[in-house]
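Working notes, structure below.
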Amino acid sequence: MSRTLPNIIITGTPGVGKTSHCELLAERTGLKHLSVNDVVKSKECHEGWDEEYQSWIVDEDKLLDAIEDEVKQGGCIIDWHACDLFPKSWIDLVVVLRVESSVLYDRLSERKYPELKLQENLDSEIMEVLLQEARDSYDEEIVVELQSNNAEQMDENRPRHIVNFITGNANKLGEVKAILEPAIQVENQALDLLEIQGTLQEVTLDKCRRAADLVQGPVLVEDTCLCFNALKGLPGPYIKWFMKDLGHEGLNNLLAAYEDKSAQAVCTFGYSAGPGHEPILFQGITDGKIVPARGPPHFGWDAIFEYEGQTYAEMDKTEKNKISHRAKALAKLQEWFSKEMTA
Ligand SMILES: O=c1nc[nH]c2c1ncn2[C@H]1C[C@H](O)[C@@H](COP(=O)(O)OP(=O)(O)OP(=O)(O)O)O1
Ligand SMILES: [Mg+2]
């Protein structure tokens, strides 16, 4: 039987944080946490209780029989302080958690480990016994060593998406990072992408395909439009050139003959999994109106786009990032990514 979901072993000396990592990973990925400890107890895969070590003497054959069907279906996160007993063909990734000995000493003392057991586990961690066992039993490409001394390191180890946001606009990049991180890590390549003429969708679709071909990998791109309702949506995707040539005042003058100053800020993100993968679009729209410039002129047309009494430029960054066209589009993107993660 071939599995469609991976099996992952989270291993390491007792006290390194296997169970916390497994629970976090299970929650974030939808894979199931298979606690070998629980199986040993509930299915009696042991030859009794060792008084000196205060632990079950595991019958490995019984244990493998007990979990075989479940593991062969895939999607298991195996939580156990040994890894060499599982057949190579069952396993796709082996994570060995590591801690410094002083941290391990404190954790095991707190668990009231008997002195002998505590000392043996400390030695085992110092001698990298589990890491060696993992490297001896599995191909080196699937063995990963992660540090697990504190909450920050645990957080570093969490599963997450990374996107490569292709943009030459530092302000955009700043906003995208502020909104997506730390849930999604944002990398950046500043490439100058040719932009075609067309509808908002067409511009982003083409930009996204082009970017994926250029970097030969997964990419995120974005195109921003500013659409004046009185002008039936213009300048739209051509706002950049209007901004450059006319400036804030010129853009206001465009609407001088019209009563209707309303405008839509439209942000369209395109994500492609790589060359040949059709981009997926995420669009966000914020309604506002065009006003004479107020606030710092640092980012494009922020100073002339008013939303509920304030221009984007007058708002705190965090405030803009709650209601902006970009934030709305990114909320859709995040929802899609979190579904992907658990699919
Ligand atoms: O939230 C915004 N607030 C104010 N102005 C903004 C905003 N977002 C984009 N803008 C400006 C930048 C550019 O003048 C035009 C969009 O053109 P657009 O092609 O999407 O941006 P770009 O060429 O600077 O960067 P990219 O390398 O991602 O194509 O509107
Ligand atoms: Mg551009």
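Residue numbering: from 1, along the chain as shown.
The backbone N, Cα and C atoms fix where each Cβ goes, and this holds for glycine too.
All annotation found in TrEMBL is predicted automatically rather than curated by experts.
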Can you find which of ARG111, ARG135, ARG158 TrEMBL lists as binding ATP at the same site as GLY15, GLY17, LYS18, THR19, SER20?
ARG111
From 110-120, 286-296, 319-329, the residue range that TrEMBL assigns the feature region 'LID':
110-120
Cα-to-Cα gap, GLU195 (Mg(2+) binding site) vs LYS207 (ITP binding site), nearest whole Å:
6
Additional residues surrounding ATP, by Cβ distance to the GLY15, GLY17, LYS18, THR19, SER20, ARG111 centre under 8 Å:
PRO14, VAL16, HIS21, ARG107
Listed binding-site residues with Cβ under 6 Å from ligand 1, out of ASN169, LYS207, THR224, GLY300, HIS325:
ASN169, THR224, GLY300
Tell me, how many other CB atoms lie within 10 A of the CB of THR167 (ITP binding site), whichever protein chain they belong to?
21
Non-local Cβ contacts of THR19 (ATP binding site) (under 8 Å, 6 or more apart, same chain)?
SER35, ASP79
Within the region 'NMPbind' (35-58), what mean pLDDT does the predicted structure show?
92
